[in-house]
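Below is one structure, written out as structure tokens; the observations come after it.
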Amino acid sequence: MSGGKYVDSEGHLYTVPIREQGNIYKPNNKAMADEVTEKQVYDAHTKEIDLVNRDPKHLNDDVVKIDFEDVIAEPEGTHSFDGIWKASFTTFTVTKYWFYRLLSTIFGIPMALIWGIYFAILSFLHIWAVVPCIKSFLIEIQCISRVYSIYVHTFCDPLFEAIGKIFSNIRISTQKEI
């Protein structure tokens, strides 16, 4: 193994491999291999969802959390029969629960489809139209900003500096006459 050449068991000569540590995608180095296996990429399309906590970012805490007590309340001194109050509570709660389930069954998947398309369009436009347009504008505006900077430093700075020197020697004194 001298001069950058390797000899295999059959006596054939070959050049030094480009990377002796192994394949750049599957390293032979054990420590390197452990680092690669530790870094797992999580795909947003295959992640598991939490069926218990369905609002982990608390988007709807102050808007949708409406209970019976938030909508219907009887002030002190004006109470209906206890049975009516219990039946009203049960009716409200069960109706809200099942009607929400019915609406989400009928409209949930179509609305998810519509919002998925909408946000896909927004993402597409942002990635392929908005950001390139802004970058293009910033590149084009640099030329104008350089010309403007030269104009300001050449004409405006000396003019305003001269005006400042003229007015810097003006002294105002006030006197009170009684």
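Every residue gets a Cβ built from N, Cα and C, even glycine.
Of the candidates Ser9, Ser80, Ser168, Swiss-Prot marks one as phosphoserine, and that one is Ser9. Looking up Tyr14, Tyr100 in Swiss-Prot, the residue bearing an annotation of phosphotyrosine is Tyr14.
For the pair Cys143 (S-palmitoyl cysteine) and Cys156 (S-palmitoyl cysteine), the Cα-Cα distance reads 19 Å. Taking Cα separation as the measure, Lys47 (ubiquitin cross-link) is nearest to Lys57 of the recorded positions Lys57, Cys133, Cys156. Note on the region 'Interacts with SPRY1, SPRY2, SPRY3 and SPRY4' (167-178): its mean pLDDT in the predicted model is 87.
On the backbone, the CA of Lys57 (ubiquitin cross-link) and the CA of Cys133 (S-palmitoyl cysteine) stand 32 Å apart.
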